[in-house]
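Annotated domain 'Beta-ketoacyl-[acyl-carrier-protein] synthase III N-terminal' per TrEMBL: 108-188, in sequence order. Under the heading active site, TrEMBL lists C114, H245, N275. What TrEMBL lists as domain 'Beta-ketoacyl-[acyl-carrier-protein] synthase III C-terminal' is 229-317. Taken from TrEMBL, the feature region 'ACP-binding' applies to 246-250.
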Amino acid sequence: MPVRSKLIGFGGYLPDKIVTNADLSTRVDTSDEWIRTRTGIAQRHIAGPDDSAASMGEAAARAALEYAGVDAETVDAIIVATATPDQPFPAVATRIQGALGLKQGFAFDISAACSGFIYALAVADSLIQTKQARRVLVIGSEVYSRILDWSDRTTCVLFGDGAGAVLLDIAEPESESVILSTHLHSDGAHADILYVEREGKDGPSLRMNGREVFRHAVTKLAEVVDEALHAHGMTGKDVQWLVPHQANLRIIDGVAKKLALPQERVIVTVDRHANTSAASIPLALNEAVRDGRVKKGEIVLLEALGGGLTWGAALLRL
Ligand code: COA
């Protein structure tokens, strides 16, 4: 009997400090109007001195465990998607394993930038399908504020910090809830349009050709969304919710339009969170499940594109 996986827990963490577009306009030559019209972003949360990828990821993981009503001791594996680990090693995931007091199982990080959550979800789903794990925490945790060049108005206005988590479990054969499929892609030929310069003037600095990233995002996300639906003989009409990576409202609207999904069926957090990279999808999912919009049994489509370039989609029945 083939084993499948399903989502049973959702959690999120956002640092207390909120930085508005108006706040940023006192640091760089920008305006609330420029940022809102180009990106849909109004504000972002920024990590405080006590926040780290590990501490934020742990908080999101604890919330996901609490939602599912299960003990941390029952978790077999922890996967953290992050482009901003606190240290080159150990992995953020093993820090979280330690903080949760777990002695069993295994933990590791995945680096796929803003597509990291889709990649981590795909790996977790495979671990469960191949019976290497039963219960897996998948966490996206990012502290982009520590890799931004705060004098570069073309990038510093776009990102925020935070963490989101989901808990995966075995889906019994009769289970309505199931991860239907995941679809991953990358193309290293475009590695230099979005990357982190190791030795920027104030340390590591994110660099981006925004127009090129935008161009790739519009075409590649449309393709991967088609691929995911086609794999199940579905069309946009079968999708109840789109929970996209939150980089830019114009990119999100483009995918929704392609699916012919009305705005009220698209989960949007980019206005309040900005782009939290690998954390953005689990943060959005957590919000939408907890406020009762996205319900058990509904078809949910996830998609993301990020540095690498990497991109992917996941289709699930919640
Ligand atoms: N405030 C004010 N002006 C700004 C600005 C800011 N924060 N950032 C850039 N500008 C200026 C530019 O300098 C340029 O000025 P110029 O015409 O005098 O040279 C002008 O605005 C237009 O810049 P451009 O880069 O062409 O704008 P755009 O319409 O492409 O929008 C992005 C820029 C970044 C919003 C857009 O390209 C984008 O969203 N790209 C995708 C980025 C993304 O999602 N990355 C993460 C992927 S995971």
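Positions of Cβ are set from backbone N, Cα and C atoms, glycine also.
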Count of other CB atoms lying within 10 Å of the CB belonging to N275 (active site): 22
Integer Cα-Cα distance in angstrom, H245 (active site) to C114 (active site): 7
Averaged pLDDT score, the domain 'Beta-ketoacyl-[acyl-carrier-protein] synthase III N-terminal' (108-188): 97
Those residues of the chain, 6+ apart, with a Cβ under 8 Å from that of C114 (active site): A83, H245, A247, N275, S277, A278, S280, A304, L305, G306, G307, T310
Structural state census, the domain 'Beta-ketoacyl-[acyl-carrier-protein] synthase III N-terminal' (108-188) (DSSP three-state): 25 helix, 32 strand, 24 coil
Tally of residues which DSSP labels helix, strand or coil - the domain 'Beta-ketoacyl-[acyl-carrier-protein] synthase III C-terminal' (229-317): 36 helix, 22 strand, 31 coil
